[in-house]
Every structure is written in structure tokens, then in C-alpha cells.
């Protein structure tokens, strides 16, 4: 795909790849860059090179395994059985394509998405865009930290309250975030360890429950939902919103900068794009399998169950969580907390504790990558030059403060409503990552049309999600407020789409092309150090 220059203001700095000889003024994740081994045989594929490029894709994939995704998975299984597995697969494939674009942007330009937005948008839309992405990060972080706190509550048999689990999560996140002081590869290995824990724990639940494999395959490859109604449709929309995370595109475009790639060398740029894509495919395949574990466990064990069924089993096993499920004929509703409790009732205490360990790994890993996202977004949009500790402290404080208030004033047993609200919030922010990624990486004559359809589809899904959520609140004032905000929201989305350029783009293959604010045409590549855009 080509890379489009976007002319917005003649007073802006041009978007150009930094000179290879210049040093970055500050670092976050890149105190040292990983060297790529030379391949003397010039073969089309090298496992040594793939291993060197492995890391950023797996960190990116953690957003597909955060507690919000896990909760969406278990609710999908409990509400629709195996019928929505194809939606999960489709959403993951769309996510892969978007992550590929984000990674290419970082490799080709040497800038991550927030830095490109800083150079290409005027001040007011740039600040609004930053605020929207920060809202997405805060919403995601609340789910991740609350998920970790719920896991700690389950592991402690309720002795550690929700707010106590939040404080523990805050503390250990700060500790883990400084692991890269001991080497970037060690940090990436730690994230790999957490993903392995999730695979083992949720895999244990899968083996214990033994879902029907025929229904699993049918749900994956038959894009149809028989006898589905509004609850199943809402769950399908929720899957898309939970899987495709807006801030994750900002994260991935930054993480790929951690490898030593000579962007003046056409072959190295192509090679980096190839290996990052292969790694992303592997990482998202692993995350997809883990998500399937969760969906199918709850589809097999709890689809079409009601509260009375679960209450009877919990009482018979003397479970301390039997009070969570009233003795009535209403359809079973589960979240992360109740999901662990119901697994414990049906499959024993081991299933509950192993579930909690998996949720803790999911929450802890996604909280850490969410913090990295916050740092990249803030320093990119605002061009900050703060110390690393100050940036970590600020980004964590912005995201963690509302989470702590929720933990203090909300009961661990009644968090489903908050998660529904956060899913709506994050789904609304998705165009603010989609549009910049597609704008800077797609030709209007080719990828632009498909990107426009994707943006229209996402906005339509978002509006359905918002209307359905607001209607459920049954308050006229909220209807009016939602209508006004929807007009403002759609107007800003339309503005971002309208500033997409239509002129001739710069090619991905142009290694040293600069992106001038005075001309949208791609200048002839200059020898390194003689770039006419100036550097």
C-alpha cells in the first residue's frame, strides 16, 4: 500500500522520516533497538530473522485478550452458543488487516501514528483526536484493572475487596513496566509468559468442559445465526467493538520502531513489513484460539441455562457464590466474576481458581500494554519531552483515577452495567484510529473506497450500539443529549474523512521520500543527508 501525504497547514512541520544519523530526543520503549541478523544467502525466509522481529505483534495481540474481550467471549457463548464464532473470526481478520497497516506506517515513516497525526492535523482537530483516543485508553484500562481486581478477589476468596485489588494492580504495573530496563527482549519474554498462562488456564477449562467439536466448526465456518434475536445481534456488535481496539493501532505503529531497520534500504523495509506481518498473523492466531476456548466453554456448559439451574447446582456443591444466582427462570447472565463462580459450581474449585489466574494474566498484561499506548499517544500528539517516570505517572494517573472511584463505590457483583457502558464508549472511539490509519496508508483510488465502506460500517454499528444503550436507560433527557452528541460526533468523523488527500501519493517503495508541507507531490529520493525537505 502507498503512503499518502496529507496537507493540512502550511505552518506545520513536514512529515518526513527522521535522518538515520539523528538521535531521538527521548525514548519510552526503545532504550535499545533489536538488531536484525544478516542473511548471507538472501533467502526468501529466515527463522532467525523472524525471531528477531518477534515481539511487537505479541504485545499488540494482548489487546485481543484483555478482560473486556474475555467477558465479551463468555457472554457470547452464554447468549448465542456457538453461533457467533464466525463473527469473532471475521473481527479478528479485520483487526489483522488494520494492524498490518499500522505496522507498515511505523516501519516506512519511522514515526508512529500519533506522531503522524501531530504533523498532519491542525491544532484543534489534533487535540480533539487526542482526547478521543485518551477516552478509549481510559475505558479499556478501567476494564483491564477491574478485571485484575476481580481475579484477585476470586483468588483471595473475597477477602481482598475490589478497591484493594485495584491498588495491588497499580503497584505491580509500575514494577513490571520498568522490566525493559533489564532489556527489551526480557520484557517481551515476560509478556509471552503471560500469554502462555492464559493459553494454559483457558485451555484447561476447554479440556474440562469438552465442547462439541462439530458445533464449534459449524459456528466458525457457517456465517449464519439461526433463531437469533436482539440479544444475539447486540452480542455480535459487542464482539466487533471488543476485538478491534482503537488505541491498539497507535500502539502497534510505535512498537515496530524497536527493531533496527535501515529505511534508506528498500529491501530492508520490504523485509521488515513481511516479517512483522507474519509475526502478527501468528500472534493473532494464538489470541483467536484462546478466545475460542472461552466462547466454547460457556457455549457448551451454560447456553440456554437459567438462574434456577445454576442456583440448584451451586447449592448442591455448597458454593459460597450460590446467592449470585436467584432461584428464578430468567436466562443466566454472566460476567467475569459470575463466570468464575459458575465454573466453580459446575466443575469444582480448581476450575474457579484456574479461571481467576487466567483473568489475572489477561488483566495484568493488557494494563501494561495500555500504559505503553497512553505514553505513545500522549508524547506523539502533544510532543512531550518529559522524563520517562513522569510520563508513566501521568498516563497511569489519568486512566486509573476513575477506575479507583468505581472500585470504591461499586460492588464486585454488579459491574455488568459499567462494562456495557465502557464497550459503547470504546466502540465510539474506533473511527478515530481507523480514519488516520486508512488516510495515511491507502490510495483513494484503491484502498480508499474499501476503507470508506469499513468506516461507514463501523459508524453504523456504533450508532446502533449507542441508540440501543440509550433507549435502555428510559430517560427523555438522555435521548436528547445522545442526539446532540451524535450530531457532533458524526460531524467530526465527516471532517476527518474529508481531509483525506486525493493527490498522487508517495510509494511505500520510496525509501527516502520526504513529505513536504509545501507540496503534496512526492519529491525524488535524495542521498542520505541531502533530503531537500531539510533535516
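Each Cβ is built from the backbone N, Cα and C atoms, and glycine gets one as well.
Features of the protein shown, as given by TrEMBL:
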type     : residues : note
REGION   : 1-24     : region 'Disordered'
TRANSMEM : 77-98    : transmembrane segment
TRANSMEM : 128-154  : transmembrane segment
TRANSMEM : 160-178  : transmembrane segment
TRANSMEM : 190-207  : transmembrane segment
TRANSMEM : 236-255  : transmembrane segment
TRANSMEM : 276-299  : transmembrane segment
TRANSMEM : 341-362  : transmembrane segment
TRANSMEM : 389-409  : transmembrane segment
TRANSMEM : 421-441  : transmembrane segment
TRANSMEM : 453-471  : transmembrane segment
TRANSMEM : 477-497  : transmembrane segment
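Contact between the transmembrane segment (236-255) and the transmembrane segment (477-497) is absent: fewer than three CB pairs lie under 8 Å, with pairs separated by 6 or more positions in sequence. When Cβ-Cβ distances below 8 Å are used as the criterion, the transmembrane segment (128-154) is approached by residues 63, 66-68, 70-71, 114, 117, 121, 160-166, 168-170, 245-247, 250, 336-337, 340-341, 352-353, 355-357, 359-360, 362-364, 366-367, 370-371, 373-374, 377-378, 381-382, 398-400, 402-403, 406-407, 412, 415, 418-419, 422, 425-426, 429-430, 432-433, 436, 492, 496 of the same chain, each at least six residues removed from its ends. Tallying C-beta pairs under 8 angstroms between the transmembrane segment (341-362) and each of 160-178, 190-207, 276-299, 453-471 places 190-207 first. Counting Cβ pairs under 8 Å to the transmembrane segment (160-178), the stretch among 190-207, 276-299, 389-409, 477-497 with the most such contacts is 389-409. Counting residues 6+ beyond its ends, the transmembrane segment (389-409) has Cβ neighbours under 8 Å at 28, 134, 137-138, 141-142, 145-146, 149, 161-163, 165-167, 170, 173-174, 177, 370-371, 374-375, 378-379, 415, 418 in the same chain.
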